[in-house]
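Take a look at the structure set out below.
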């Protein structure tokens, strides 16, 4: 049957990508339908019970800066919070939280059910409605046809998914859920390029059977307690729990080696490539044969369960081998396994067939986000979902797509890497992937993206008000620090030495003093009984005050480095944003070799910058392209969220 109501946007899948996509499109005012095979698993954390980490936490902050749900849900569900790399520079500091699975799922579902313009429907999708080269809807497994102007696919690991435990395997999207076989077949029928990847998960353990007394306790950060959302507060956090650390040993490794003849990875049963940066324990033993042990983190799954997630022993070995290897680990000698570990193999679709908006180049109105694009991780999925949802909304409203630049957001780095380089293994975000990471910090994600989000219609009044107060206070106080001067008379030696280590010998601005490595903002403001503090408090909200102080301090201390990086961005920007005509035949560009023109015709980059990052495209080829564009008068430039003729 044809459903009587037509929608603007349909989102297929209710994981981390799908929920952010649906919420974003609905916040933009689009009539949105989220189709999921099971409403009870909306926002399900399919693998580890944690959010964030190096590079990943940056993505979560960016999603939050644009009104997304992941950070706020984590603040409500997080049972341990830590700042990683806290002793290092601000560019690589990252927030990570353990989350209660049940509370996280509840937080996401609450937001979905209360979001205006968004409807939920429980049915798996088997088919897409395509007319010509345009998607017009989706069909569920019982034949209900829903029509829409745009469709966002966020199918995760469900597309033709196959679960492996030892040499046994069966179809499934994850443990306990069916695979999406018909939809995968339909996408292949549409001639969309695809491949096969795999990921895995460890056995889960009953905490009542773990001997924590022989393990190292790992508590969360307490002073201060971190929050994920720019609007989050520590008092939102539920009860906090520690994690625990143990290690594999030589006996563990011998057990694993003895089981490799029944490993689906090492017997050729699994064809898909697994994630390099989250390898299975059998892969670790093989790749790092000289290591005597590997660290294992015992992570609590929640406040109302005894289940623990042993991070570090993801495996698809037969269950009898899993049992033996778990029992060989200190503290787990008597452990009871609640669920066996497994690997899952699934279809992904080549992201090089997508525009920077995550819209298919072949089928108008069809967007892809999450693991279907070859990524791994909740955070990477959520960020893509946000972008796909926004651009589906822009497509429906006939507005230009928003495509963040590499110097603007980790989301820009992520998407640019995917659409220019593709994937040969599941893609994970790291800070090292960003050329301009000093400017792409967790702490300034809102400064980079909230204004853009407001223009796009995804940032509400509460967030916008808090952002403006923060931005104005940072600007006002930074200027005051630059224009307030002290000299040896105003700041005598007896006051200067405790803070600076020596007297000042000439006149300095307060910004000059703050730039010194040993000086922090609060101490500078407390100097001489608060004589140099602002007359009016920066903000009445203590949480916002902390963010404002952090922004001021980083901005002043790293001003020179940030300014140099901004100059580098300006130099690159002209070529980076020069648009390439959609119909350009690269074989007609004089001087381009056959291989280069073939690759460019195959991948159809949207900008000169994207073309430069395609494997095999040389700087000389980019110069030839630039000459060709100028000669033909074809070059156009692209801004951060609009496209216009130069």
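Note that Cβ sites are derived from N, Cα and C of the backbone, with glycine treated the same way.
Annotation note: residue 125 (FAD binding site) sits in a strand segment as assigned by DSSP. Residues or ranges marked as FAD binding site in Swiss-Prot: 13, 14, 15, 16, 17, 18, 125, 180, 371.
Look at Swiss-Prot and you will find 274-288 tagged as NAD(+) binding site. Sequence-distant neighbours of residue 278 (NAD(+) binding site): residues of the same chain at least 6 apart with a C-beta under 8 Å from its C-beta are 199, 314, 376, 426, 428. Residue 278 (NAD(+) binding site) carries neither a helix nor a strand DSSP state and counts as coil.
Using Cα positions, the member of the binding-site residues 274, 282, 286, 288 nearest to residue 17 (FAD binding site) is identified as 274.
Cβ neighbours within 10 Å of residue 15 (FAD binding site), excluding its own Cβ and spanning all shown chains: 30. Checking each of the binding-site residues 274, 276, 288 against residue 125 (FAD binding site) by C-alpha distance, the shortest gap belongs to 274. Across the structure, residue 371 (FAD binding site) and residue 282 (NAD(+) binding site) place their CA atoms 23 angstrom apart. Note: the Cα of residue 284 (NAD(+) binding site) and the Cα of residue 13 (FAD binding site) are spaced 32 Å from each other.
Each residue contributes its Cα atom, and for residue 13 (FAD binding site) and residue 276 (NAD(+) binding site) those atoms are 26 Å apart. In this structure the residues listed as binding FAD are 13, 14, 15, 16, 17, 18, 125, 180, 371; their two most distant Cα atoms lie 18 Å apart.
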